[in-house]
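Residues or ranges marked as active site, proton acceptor in Swiss-Prot (evidence: sequence analysis): Glu99. The domain 'Radical SAM core' annotation in Swiss-Prot covers 105-342. Taken from Swiss-Prot, the feature disulfide bond covers Cys112-Cys347, and the record attributes it to sequence analysis. What Swiss-Prot records for Cys119, Cys123, Cys126 is [4Fe-4S] cluster binding site, and it gives sequence analysis as the kind of evidence. The feature S-adenosyl-L-methionine binding site is assigned by Swiss-Prot to Gly171, Glu172, Ser204, Ser227, Leu228, His229, Asn304, with sequence analysis given as support. Under the heading active site, S-methylcysteine intermediate, Swiss-Prot lists Cys347, citing sequence analysis as support.
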Amino acid sequence: MSEQQQNITDLTLTELQQALSLLGEPAFRATQIHQWLFSHHAASFEEMTILSLALRKKLSESFSIHPLKRVEHQECFEEDCESPTEKILLELQDKSRVESVLIATENRRTACVSSQIGCPLQCPFCATGQMGFRRNLTAGEITGQIYALNELVGAKEPGKSLTNIVFMGMGEPLLNTGNVIEAIETLSTRNYRFCLSQKRITISTVGVIPEIQRLGKSGMKTKLAVSLHAADQQKRESLMPIASRQYPLKELGTALSEYTQSTGMPVTIVYLLLKGINDSLDDAKMLARFSKTFLCKINLIDYNSIINIKFKPVYSATRDMFQQYLINSGLHVTIRKSYGTTINAACGQLATASMQNPQ
């Protein structure tokens, strides 16, 4: 099978119908093929026994099916969870690699998936940003992560499946919006065995304003989380230099206000507390002022240590002071627990030496 063949899982139903038409096949075959791909997770065309031998031959000559290959699997147990947090390293068709995480708590089984190989935004506190940007993931590579994590769930809890998906892995989802939306539409359609409500899917972004506006007009029901980390423009530029200069705070606040008004849904503001940098009372006051301009809730996150990166987490007393000021200001604030820190699976940690392509 030629590696130059297009992976058929990257085609939308309409695109597959058009491709089959060129092969002289009726449109309804596309639905049958998608059922085999997304309900039965067929790893080869030979498994699609409902199709004729002649059609299977045509498909194998024109397309490939390339399931993501698991090359590494790590897990660690959290104090308050019976099930471990699990991280998998997946190899793609071009031998690139990407990490995905399964977070299992009492009532939820959450997939944390990647949208890019590396990240172009170069935030200095994030391991993924230090590995540079290689390429966007295709829709098929995104859904492939979900199916790989869902298999982990089913192996340990027969009959169970993922309950939530968060696009908080490697990369900036809203710099790959088209493929992310296509993957979400596949994962949330009732046409396939795996069907998850869009309300259980969260897209995290640094604040890519044009794409936030696009989401607001799309009619999608996904949740939106915005990584803010500072409510002062100059300070945010030091922490998120590329994102903050391209999408300034003032314009971002306006876009989020318009988003919440058009969708009726709150935005989650994610704020990573860094010792001596963005953890002062003045920082809390600026965050409160910014967040009161639109419907939102705030997630405070403790910094997860990363090798060769010198930021430090705040003391618990500082974090509590910061949180209490926001609460006293009338805001809804939670401290988000980090999972998988010991296996570098927590927020900002996805990128290790094993991410390098094998020599």
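Heads up, the Cβ atoms here are built off N, Cα and C, so glycines get one too.
Swiss-Prot feature annotations superimposed on the structure.
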residue : record                               : contacts (Cβ under 8 Å, 6+ apart)
Cys119  : [4Fe-4S] cluster binding site        : Cys126, Thr128, Gly129, Met131, Phe133, Met170, Gly171, Glu172
Cys123  : [4Fe-4S] cluster binding site        : Gly129, Val206, Leu239, Met240, Pro241, Ala243
Ser204  : S-adenosyl-L-methionine binding site : Val166, Phe167, Met168, Pro173, Ala225, Val226, Ser227, Val270
Leu228  : S-adenosyl-L-methionine binding site : Gly207, Arg236, Ile269, Val270, Tyr271, Leu287, Phe290
His229  : S-adenosyl-L-methionine binding site : Arg236, Leu239, Met240, Val270, Tyr271, Leu272, Leu274, Asn278
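Distance noted between the C-alpha atoms of Cys112 (disulfide bond) and Asn304 (S-adenosyl-L-methionine binding site) is 16 Å. Across the structure, Glu99 (active site, proton acceptor) and Asn304 (S-adenosyl-L-methionine binding site) place their CA atoms 17 angstrom apart. Of the listed binding-site residues, namely Ser227, Asn304, the sparsest Cβ surroundings within 10 Å are found at Asn304.
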